[in-house]
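Heads up, the thing below is written out as structure tokens.
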Amino acid sequence: MPWRSLAALGRIIQVAVTTAVLIYPLVFQGDKFFKVRVFKVNGRSMHPCLNPYSSKCDDWVYVRDVGECEIHRGDVVTFIPPKDPSALFIKRVIGLEGDTVVKSDGASTSLITVPLGHYWVEGDNKGLSIDSQQFGPVPKSLLQSKAFYIIWPPSRWKKIFNEFSSECKPANQSEI
Amino acid sequence: MKSKWRICGGILLKSIGCVCSLRVLFNDFYFLVGLNGPSMEPTFHTGDIILGERHPRNIACGNILVLRSPFDPDGYIVKRLMGLPGDIKRYGLTFTKVPEGHMWLEGDNGSNSRDSRVFGPVPQGLVTGRVLYKVWPLSDVRAF
């Protein structure tokens with residue numbers, strides 16, 4: 001009976017399409033529903049906080065959308081770098097708008113005031129990090145999310161604390 | 001004969017599917033948005049509604065883009081793309097070379113627009129969409 005098999009085929013296609021339509025937003029757009037995401041960190045620019053030299057494999061971090069949380073000095077955030085719209089960087093916020101930060105070009109250093117609506121971000125691993133020292137302050141609008149936990153590998157499972165490495169500190173915020 | 005529960009279930013499932021697919025279509029691929037402000041006159045006026053696409057590829061000079069405001073993370077602006085990396089733009093007596101990964105935006109209303117002539121080139125990472133059609137008012141529907 002060709003009609004019956006055709007109807008069955010139609011039914012199967014209908015169920016498949018409905019399932020795909022229901023599942024697609026949850027699986028592939030889930031980060032927009034739940035405002036959380038998991039990233040693998042590449043490179044050593046955040047040593048020793050993320051991907052320390054002693055670690056054998058790359059860290060995975062749990063991040064939350066930046067609209068859901070406040071940003072303070074010392075938070076680890078992900079953002080689109082101003083010079084490359086296809087990349088995503090993870091760095092630490094050093095200065096908020098209005099703070100004075102130290103910019104060092106090789107031997108000389110200069111003091112810079114972070115403009116309104118911008119952040120000054122730096123990697124913990126100075127010298128091996130492409131950060132605000134190279135491309136200047138980052139607009140708030142380019143920030144994507146804030147990192148909360150290292151979730152993989154299990155031996156490194158921990159909360160990412162809001163702490164500065166010894167060298168990265170805002171110039172006019174000595175009490176932090 | 002089908003039971004009424006089964007019919008109700010089918011209708012419910014189909015309506016959920018419709019809502020989900022419309023949501024995906026209008027959040028992840030296309031969007032409708034109303035415009036506000038004088039900066040794009042005479043192309044757009046306050047109250048116009050546009051249909052745009054998300055994550056545009058191959059943006060070129062002359063396209064009208066929707067992007068996050070460089071100064072206000074919650075605000076969006078609509079401007080025309082007038083320069084890509086490497087272009088040299090002049091405003092008044094100042095010349096600016098657009099740096100790598102940035103772009104130069106201008107409103108069509110040159111005398112009443114806050115754009116790259118005021119705040120300089122902006123990063124391309126701010127772009128969220130490109131304007132495809134103007135769908136309201138109905139007397140002035142057109143493609144870009």
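Yeah, the Cβs are placed from backbone N, Cα and C, and that goes for glycine too.
Where the annotation comes from TrEMBL, it is an automatic prediction and has not been curated.
Positions annotated as transmembrane segment by TrEMBL: A:6-27. Positions annotated as domain 'Peptidase S26' by TrEMBL: A:27-105, A:113-152. Among the features that TrEMBL reports, active site is placed at A:Ser45, A:Lys91.
The separation of A:Lys91 (active site) from A:Ser45 (active site), Cα to Cα, is 8 Å. Proximity of distant same-chain residues to the domain 'Peptidase S26' (A:113-152), defined by a Cβ-Cβ separation under 8 Å and at least 6 residues beyond the stretch ends, is recorded for 37-38, 44-50, 59-66, 69, 71, 75-83, 88-101, 103-104, 158-160, 165, 167-168, 170. Taking a C-beta cut-off of under 8 Å and a sequence gap of six or more, A:Lys91 (active site) has these contacts in its own chain: A:Ser45, A:Met46, A:Val76, A:Val77, A:Phe79, A:Val121, A:Glu122, A:Gly123, A:Ser129, A:Asp131, A:Ser132.
Neighbours of A:Ser45 (active site), defined as other CB atoms within 10 A of its CB across all chains, total 22. Classification of A:Ser45 (active site) by DSSP places it in coil, neither helical nor stranded.
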